[in-house]
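Now, the feature entries from Swiss-Prot:
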type	residues	note
BINDING	Asp14, Lys36, 63-72, Thr123, Arg184, Gln193, 213-214	substrate binding site
ACT_SITE	Lys65	active site, proton donor
Amino acid sequence: MNQLVDPKVVIALDYQDKQQALHFISQLDPKHCRLKVGKEMFTHFGPEFVKQLVAKEFDVFLDLKFHDIPNTVASAVKVAADLGVWMVNVHASGGRRMMEAAKKILEPYGTNAPLLIAVTVLTSMDQSDLQELGIELSPAEQVKRLAKLAKLSGLDGVVCSAHEAQELKTLLGAEFKLITPGIRPMGSDAGDQRRIMTPKQAIDAGSDYLVIGRPITRATNPVEVLKNINDSLV
């Protein structure tokens, strides 16, 4: 597999056993993918695990979706930056002041600052879920509303469904990064993600980075699956 200038695939790690996780990671080349550490693994293994991945030269997306008062979120984002992560996220529904505080605290890091990304509408949520929260907008409308707020707050991009990507690129510009979960290679089970696309469809729609978990982590030959995905994006 040739070295990729900007790997598009972010592998979502979902292991409860640290040694299993490290064995899986040992098969990967950081030139060909990035890694996502979410709440479950971070709670299991802590920041030292993230440091291990960074030391192996992987770009790490720390997916903890911070949502709290501005000062608390800013402090947490600073700690993430000190871990050396490539990307960190916050909930856009925390509001503009929270997002602005998180962005401001990263200023001293300059070009070494992680990408600061907002979560809009979780891909498992549909219209009925939003209505139960008192939101009468469609998922797509709510995504646009929160994505615009994130850009106004100075953030680098948003997590969004591939189905919103094309419109968001047009609305918010090419430099505003779109990170897309709910990606399944052809023939994969949809799992718990309601709004899904294949990797090529998502990139063609405007997504910049693709979060893919079980189709790679649970594959018999994960390196081959990753290679096939990367090849499909060339």
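Positions of Cβ are set from backbone N, Cα and C atoms, glycine also.
Feature map: Swiss-Prot annotations on the structure.
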| residue | record | DSSP (3 states) |
| --- | --- | --- |
| Asp14 | substrate binding site | coil |
| Leu64 | substrate binding site | strand |
| Pro70 | substrate binding site | helix |
| Thr123 | substrate binding site | coil |
| Gly213 | substrate binding site | coil |
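You'll find the Cα of Thr123 (substrate binding site) roughly 14 Å from the Cα of Lys65 (active site, proton donor).
Over all protein chains present, the Cβ of Leu64 (substrate binding site) has 17 other Cβ atoms lying within 10 Å. The Cβ of Thr123 (substrate binding site) has 24 other Cβ atoms within 10 Å, all protein chains considered.
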